[in-house]
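Report on one structure; see the data block that follows.
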Amino acid sequence: MEAKEIIEEKQELALAPPLPSTIAVAINGKKKSKYVVRWALEKIVPEGLHMFKLLHVRPKITSVPTPMGNSIPLSQVRDDVAAAYLEEMGWQTSQMLLPYKTMFLHKKVQVDVVVIESDDVAKAIAEEIAKSTIHKLVIGASSSGMFSRKVKGQSLSLRISECTPSFCTVYTTSKGQLSSVRPSDSDKNGSIKDDSSDASSTTSSSSHSSSTHAGSAASYSHFHSPSLPMQRFQALSTINRTLLHTRTGSIETNYSRRQSLDIREEENFMSPCPSNSDIGYAPSQVSSVRSFLTDDQSWISDQASTSDAFTESSSGSQVNINFELEKLRVELRHVRGIYAMAQSENIDAARKLNDLSKRRLEEADKLKEIKLKEEEARELARKEKEKYEAAKREAEYARECAEKEALQRKEAEIKALHDVKEKEKLENALVGPVQSYQEFTWEEIVSATSSFSENLQIGKGAHGTVYRCNLHHTTAAVKVLHSKEGHRTKEFQQELEVLSKIRHPHLLLLLGACPDHDCLVYEYMENGSLEERLLQKDNTAPIPWFERYRIAWEVASTLVFLHNSKPKSIIHRDLKPANILLDHNLVSKIGDVGLSTMLNPDSSICNINTVADCKTSNSTSPPGGNSNSR
């Protein structure tokens with residue numbers, strides 16, 4: 001029963017499905033990496049369940065490139081710039097790995113992408129394999145062609161094979177074909193057992209030694225191909241064993257066997273070398289070795305003829321045979337030395353050729369990098385030129401706007417100057433040299449005011465009423481006194497005398513008068529009095545501060561003019577906002593000078609005698625009236 005249970009347990013273990021193994025595929029993002037992934041999916045996936053790891057090693061990011069082709073250390077740039085550059089590099093890496101992930105997705109194979117930052121590719125891959133315990137690694141050959149490319153004297157694929165832990169089998173592919181295999185420790189142990197069994201079969205049967213050795217070499221060539229010196233040594237050992245066993249055998253038979261072996265060696269030498277070897281052979285080197293084999297064959301034929309003569313003269317003396325064999329061994333060692341020297345020279349020549357190829361590739365990479373930098377510089381220059389053209393257009397537009405504004409300002413100044421000249425011309429025309437003021441008839445005033453219609457009344461005070469009228473096609477204001485009392489007539493004469501003899505831009509202009517009915521005709525002020533504007537009567541807009549400052553300056557200049565008039569100074573005596581009138585441009589003019597006083601030069605302010613009752617609250621401004629009327 002116990003034996004039966006043990007057998008059943010063994011059967012269950014044998015039928016249990018094997019655990020999926022992990023296979024790593026190392027890629028560098030170049031075109032040949034697709035061949036590596038394709039070979040792994042085609043050759044390894046059908047063998048059983050596997051989990052794949054896609055390994056990619058990129059250099060450590062220690063600097064940030066600039067548009068001019070230089071680079072700045074990562075520690076010297078701002079954190080946001082460094083983070084943005086690292087994010088950009090990560091995005092480029094993910095975009096580069098996307099086609100390979102798609103290949104695994106089409107095969108419905110699970111894959112885990114591992115990106116490693118390191119400057120030593122072989123060491124980084126070896127550490128990842130050791131950490132994840134990966135037993136199979138697929139890599140691409142460092143270069144293709146007859147001569148393998150070397151990096152610092154050794155190809156990258158060979159360095160990866162050497163650095164990889166011994167428990168991992170390394171498959172090297174080239175253009176979708178298996179190039180070489182570096183077996184793991186378990187694979188090597190199995191191979192050694194096969195070789196030992198072949199060797200035992202060789203010693204048991206000397207007649208089939210060469211065929212047994214060929215079978216053993218074929219079984220081992222799956223991992224390593226035997227070198228040419230080893231083939232020669234094996235072939236010459238076969239000759240020695242044959243001579244020792246036969247002694248008196250025919251030298252011609254040994255010569256024909258040696259010739260066939262040499263021909264096989266030459267064919268093996270001329271066959272393409274496995275791609276996992278680091279050394280290639282040039283055609284000139286092959287011809288030199290071929291000539292060496294020809295010389296070797298002639299030397300063996302000479303030795304065969306000598307042995308034939310020796311056999312005929314001496315019927316198989318054992319001592320002479322041993323002497324000849326020792327002589328052959330010495331000659332063979334000499335030939336081996338010459339061949340080793342030729343092989344060393346061949347290796348040196350191949351290394352130099354590989355160094356030249358490496359240098360040529362480095363120069364090509366530098367040239368490509370220079371072209372890329374040149375393209376970047378051209379692109380930067382193009383952008384700078386576009387910025388310059390845009391700035392130039394903006395400057396041209398600003399210049400045109402400035403010229404247009406200057407032209408408009410100049411036109412406004414010319415227009416203002418023209419208006420001033422026209423105004424001065426009008427004032428000069430109004431001020432005649434013979435008549436100080438124009439006399440209007442009472443009928444003209446009645447007709448102009450539509451018989452003093454209330455619709456044309458613009459102001460009314462205690463002493464008179466102001467009407468708007470149109471005399472001689474000119475809009476004017478007519479002030480009509482209520483009565484002809486003595487002091488009112490004197491006030492009328494005082495105002496008529498003052499306004500008819502003096503002129504000032506900010507003194508209300510007297511256009512004419514009707515002395516018979518105490519009527520004064522003034523220029524019409526559209527904006528009324530300053531008092532009305534300050535109180536914002538009829539919802540008028542408030543006066544800006546700079547206009548107020550200007551009005552104050554104009555009033556002050558007018559008062560200075562009156563006080564400095566010759567031959568007598570004039571004191572207004574009734575200055576208030578109601579008597580300051582404003583035209584359509586808010587230009588101020590002082591009116592209602594009927595209460596003004598003329599001072600002699602020797603009089604003082606303290607001895608002023610009033611000529612009228614100074615009741616300013618009852619005065620009436622010609623065009624605007626008092627504060628109660630407009």
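Cβ atoms here come from the backbone N, Cα and C positions, even for glycine.
As the structure is a computational prediction, the values presented were derived from the model and not from experiment.
Here is what TrEMBL records for this protein:
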COMPBIAS  184-196  compositional bias 'Basic and acidic residues'
COMPBIAS  198-222  compositional bias 'Low complexity'
COILED    353-427  coiled coil
DOMAIN    452-630  domain 'Protein kinase'
BINDING   LYS479  ATP binding site
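Over the coiled coil (353-427) the predicted model carries a mean pLDDT of 92. Other C-beta atoms found within 10 angstroms of the C-beta of the residue listed as 'ATP binding site' number 27, with every protein chain shown included.
The DSSP secondary structure for LYS479 (ATP binding site) is strand.
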